[in-house]
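Encoded as structure tokens, the structure appears first; notes follow it.
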There are 2 protein chains.
Amino acid sequence: MQERPLILVTNDDGITAPGIRMLVEVMKELGDVAVVAPNSPQSGMGHAITIGKPLRLVDSDIFDDVTAFECSGTPADCVKLAKHYALKDRQPDLVVSGINHGSNSSISVLYSGTMSAAIEAAIENIPAIGFSLCDYSHNADFSHIREYVKSIASKVLDEGLPKFLTLNVNFPKKQEEEIKGVRICRQARAKWEEEFEQRFDPMGQPYYWMAGNFVNFDKGEDNDEWAIANNYVSVVPIQFDLTAHHAMSVLGEWEF
Amino acid sequence: MQERPLILVTNDDGITAPGIRMLVEVMKELGDVAVVAPNSPQSGMGHAITIGKPLRLVDSDIFDDVTAFECSGTPADCVKLAKHYALKDRQPDLVVSGINHGSNSSISVLYSGTMSAAIEAAIENIPAIGFSLCDYSHNADFSHIREYVKSIASKVLDEGLPKFLTLNVNFPKKQEEEIKGVRICRQARAKWEEEFEQRFDPMGQPYYWMAGNFVNFDKGEDNDEWAIANNYVSVVPIQFDLTAHHAMSVLGEWEF
């Protein structure tokens with residue numbers, strides 16, 4: 001009998017979030033599961049890593065029959081600690097991150113702790129997937145996406161991924177209509193338009209709350225925002241080479 | 001007389017770092033300068049933003065004749081606060097970040113707070129440059145790069161940048177030989193290979209120090225690592241569309 005694959009599960013909402021619990025349950029059907037996840041919410045941490053202070057890593061028994069650790073660091077730290085310490089003797093065959101409570105589509109991929117864990121795995125050339133549900137509530141309904149999570153992870157286990165790539169998978173919020181299917185997409189051109197609200201603390205000192213409105217500039221139908229808005233699962237292949245190769249020839253003409 | 005451009009200066013080493021002081025001095029020769037920078041070191045913060053807690057923004061008089069604020073948030077927060085709050089009445093024509101004490105070449109662009117500020121500006125379609133010196137010491141010698149910083153910023157002010165792009169500029173550490181010139185490069189294929197050292201606190205509980213070794217897999221001569229190692233300034237055009245467009249057709253054949 002072939003050995004079952006080892007699947008590392010992490011997230012950015014923290015080890016107690018319902019989304020990671022669902023992901024662990026589904027991954028147990030596909031392989032041996034290990035969890036290294038943050039001990040506190042890490043939303044918006046982008047690709048932060050912990051420099052200049054040490055990390056804590058503590059055994060956790062919150063998942064049945066699963067080796068799990070909670071970590072004081074960021075999602076990217078979790079993957080580094082898993083690969084180079086906790087799972088040093090048996091490397092993961094797949095890294096899955098999520099299921100995030102909220103969208104990580106379009107520009108949010110940059111701010112996303114969920115996706116930074118998946119990208120960190122891609123840097124290590126381990127196939128990886130970040131899963132996000134476009135529903136920010138703690139008690140979000142994940143039932144309609146369970147089979148999709150399983151089939152996408154299963155496909156990546158069977159086929160692998162192109163070298164150094166990871167997948168950014170976003171699911172529409174549960175609706176009456178069933179999800180229409182899966183679309184391979186590009187990242188939509190959009191941004192968060194921030195507003196800052198000034199308030200004053202009891203000592204009379206100002207502080208500022210950041211509140212963002214998502215603004216989608218993209219009129220195409222081949223991007224992740226369109227897919228999600230039309231009740232499809234969006235799958236965007238993500239790379240960590242940020243070079244704008246097309247701009248090199250333009251800049252090459254400059255004299256300094 | 002034409003109005004002088006407004007240049008926003010930020011960094012990730014914090015508002016008191018020598019690198020930002022040098023950058024402010026050089027930018028004052030090119031335009032009006034405003035500073036919004038972190039009140040504490042933010043190295044390795046990647047593209048983190050502050051979610052779920054408020055930000056502080058306090059006037060600072062540490063630079064002569066320059067409007068400056070120190071911010072409790074990340075470099076990306078600083079750019080957001082500058083654009084949407086502190087500089088709301090006059091938008092910057094250029095955003096410069098740095099000069100970082102240490103390299104942000106190759107894969108380090110992902111972990112870099114310096115570059116996240118520049119990328120945040122690019123998202124807002126403001127021309128932006130991240131400057132880093134490949135010398136981690138607090139008392140690094142910046143004298144050999146002063147003219148390059150000025151000429152690169154001046155060039156970007158004159159020519160602009162291709163839409164939604166920013167520049168990742170890394171300078172070699174000061175050597176006896178003068179810098180040979182500027183090279184337009186791609187991001188080298190490399191990674192940080194982590195090691196974790198376990199120690200025990202006075203209560204007997206374990207903690208872990210992360211220590212990374214930079215491993216360069218790239219044999220090319222058109223990448224930033226090669227340029228820096230050969231005493232050139234590396235300039236990499238950086239984009240925030242992470243879509244691996246070349247992989248979309250491969251994934252398009254998959255059935256879920």
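Glycine too: its Cβ is placed from the backbone N, Cα and C atoms.
Copied over from TrEMBL:
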type	residues	note
BINDING	B:D12, B:D13, B:S43, B:N100	divalent metal cation binding site
DOMAIN	B:7-194	domain 'Survival protein SurE-like phosphatase/nucleotidase'
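All features noted in TrEMBL, drawn onto the structure.
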{"residue": "B:D12", "record": "divalent metal cation binding site", "DSSP class": "coil"}
{"residue": "B:S43", "record": "divalent metal cation binding site", "DSSP class": "coil"}
{"residue": "B:N100", "record": "divalent metal cation binding site", "DSSP class": "strand"}
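If you take every residue in the domain 'Survival protein SurE-like phosphatase/nucleotidase' (B:7-194) and average the pLDDT, you get 96.
A distance below 8 A between C-beta atoms marks B:S43 as the binding-site residues from B:D12, B:D13, B:S43, B:N100 lying next to chain A. Local packing around the Cβ, expressed as the count of other Cβ atoms within 10 angstroms, is greatest for B:N100 among the binding-site residues B:S43, B:N100. Neighbours of the divalent metal cation site: apart from B:D12, B:D13, B:S43, B:N100, residues of the same chain with C-beta atoms within 8 angstroms of the site's C-beta centroid are B:N11, B:G14, B:A17, B:G19, B:P41, B:Q42, B:P75, B:G98, B:H101, B:G102, B:S112, B:G113, B:T114. Of all the binding-site residues listed here (B:D12, B:D13), the one with the fewest other CB atoms within 10 A of its own CB is B:D13.
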